[in-house]
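Novice: This structure is in structure tokens; I'll ask about it shortly.
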Amino acid sequence: MPAIAIIGAQWGDEGKGKATDLLGTSVDYVVKFNGGNNAGHTVVITDASGHTEKYALHLLPSGILTPGCTPVIGNGVVVDLAVLFEELDALEQRGVDVSRLRISANAHVIADYNRTLDKVTERFLGSRRIGTTGRGIGPTYADKMNRIGIRVQDIFDEKILTQKVEGVLDLKNQVLTKIYNRRAATVEATVEELLAFADRLRPMVCDTGLLLNQALDRGETVLLEAGQATLLDVDHGTYPFVTSSSATAGGACTGSGIPPRRLEQVIGIVKAYTTRVGEGPFPTELHDDAGEHLRKVGAEFGTTTGRPRRCGWYDAVIARYAARVNGVTDFVLTKLDVLTGLEQVPVCVAYDVGGVRHDEMPVNQTDFHHAVPIYEYLPGWWEDISGARTLADLPANAQAYVKAVEEMSGARISAVGVGPSRDATVAIHDLI
């Protein structure tokens, strides 16, 4: 069986968790391959009696909620161990079996000095800040690239861990004390903080690349879920307003240890409108009642930070870009229900940059900052669509919206989200 990647095709918060969880019933492994606890996803589960449970996850793969599925944290993830066990304990208290979790021995670990540096750097930058979550993600990835990072496997050898922490703090404390006027971090406190997790962590840790490739050899299905999204990818996003990891289909391979030839399907997740958290360009952003409507009805507040998300109309230009960068085979269009009640729904089909039409995303970020959306206006609908389960169940104008977005976005739409619950989905094509 193949490996399948689920990728955010906008600026994040597209509903990847719900899509992953829906597919998780048909797969054997769900893998988080990038990022850390800087992004969150909410999964809503309704049991046979109609009782609804909402789960907010930040670090764990959403497959943790699917019985019989093995959730995996891959080598491309940076792990805050305190957050990891907070999430595991919270799920265990609600009756979720968390013993299935597997974690790569090569994943990097967020230390307290990484969190401190993240926060003080953002404050130091002031108006030039990136808009990070302050959770130490960027500094931990920087340590990884600089070859001074702490990996999960290091926590099981106190001597090696101490040597590594001593080496990294020689550098970090120079920055903390002499540039930011902060207190120096100590080797003893840092080592103690990390060693405290060793016994609980040990049974979960393995060579996850080997684990996943052996699963594929046995004919099992592996689902790779991205944190963040294409437009936040460190290489292909709106740099420098990006995350510090690879959030594209290419990153799915490097962050999991699965070779590219085994990745047969790439599912791009797009909202029926667009949102963004933090700084950076956003051509279709709304600053009026329409934007407030999307934010209120769509409950657009960050799972991780609680920050209000910036809201705007659907941008087919960035969807086409994401389809090209990732090789998207299928789109899942989420939150179509949020558009219910609007008289007309604009869709951005191109940009005007200095009087010149751009049908593709400008490679020059200055041009992208100055891009003015060119809209096509589609008729809205008033009917409640939350009970729709087939395309024919949708009102004619909602069907027309889905078809128009599909034609503009560069890949077929195979499913449409029409509500927050797990089963509130219109199936158009089989995803597996």
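Glycine is treated like the rest: Cβ placed from N, Cα and C.
As annotated in Swiss-Prot:
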BINDING   12-18, 40-42, R309, 335-337, 417-419  GTP binding site
BINDING   D13, E14, G15, K16, N38, A39, G40, H41, T133, R147, Q228, T243, R307  IMP binding site
BINDING   D13, G40  Mg(2+) binding site
ACT_SITE  D13  active site, proton acceptor
ACT_SITE  H41  active site, proton donor
BINDING   T303, T304, T305, G306, R307, P308, R309  substrate binding site
Novice: Translate the DSSP assignment of L336 (GTP binding site) into the three-state scheme.
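Specialist: L336 (GTP binding site) sits in a helix per DSSP.
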Novice: Compare the C-alpha of G15 (GTP binding site) with the C-alpha of each of the binding-site residues T133, R307, P308, R309, and give the closest one.
Specialist: R309
Novice: Least buried of the binding-site residues G12, G15, G306, P308, going by other Cβ atoms within 10 Å?
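Specialist: It is G306 that, of the binding-site residues G12, G15, G306, P308, has the fewest other Cβ atoms within 10 Å.
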Novice: Does DSSP put P308 (substrate binding site) in a helix, in a strand, or in coil?
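Specialist: In the DSSP reduction, P308 (substrate binding site) maps to strand.
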Novice: Using a 10 Å radius around each Cβ and counting other Cβ atoms from all shown chains, which of the binding-site residues R307, R309 yields the largest count?
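Specialist: Top count of Cβ atoms within 10 Å goes to R309.
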Novice: For V418 (GTP binding site), identify the closest of the binding-site residues D13, N38, T133, Q228, P308, judging by Cα separation.
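Specialist: Among D13, N38, T133, Q228, P308, D13.
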Novice: Sort the binding-site residues G12, G306, R309 by C-alpha distance from Q228 (IMP binding site) and give me just the closest.
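Specialist: So, of the listed binding-site residues, the one sitting closest to Q228 (IMP binding site) is G12.
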Novice: Sorry to bug you, but what's the C-alpha spacing from G12 (GTP binding site) to N38 (IMP binding site), rounded to the closest Å?
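Specialist: N38 (IMP binding site) to G12 (GTP binding site), Cα-Cα distance: 11 Å.
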Novice: What is the interatomic distance between the Cα atoms of R307 (IMP binding site) and G12 (GTP binding site), given in whole Å?
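Specialist: That comes out at 14 Å between the alpha carbons.
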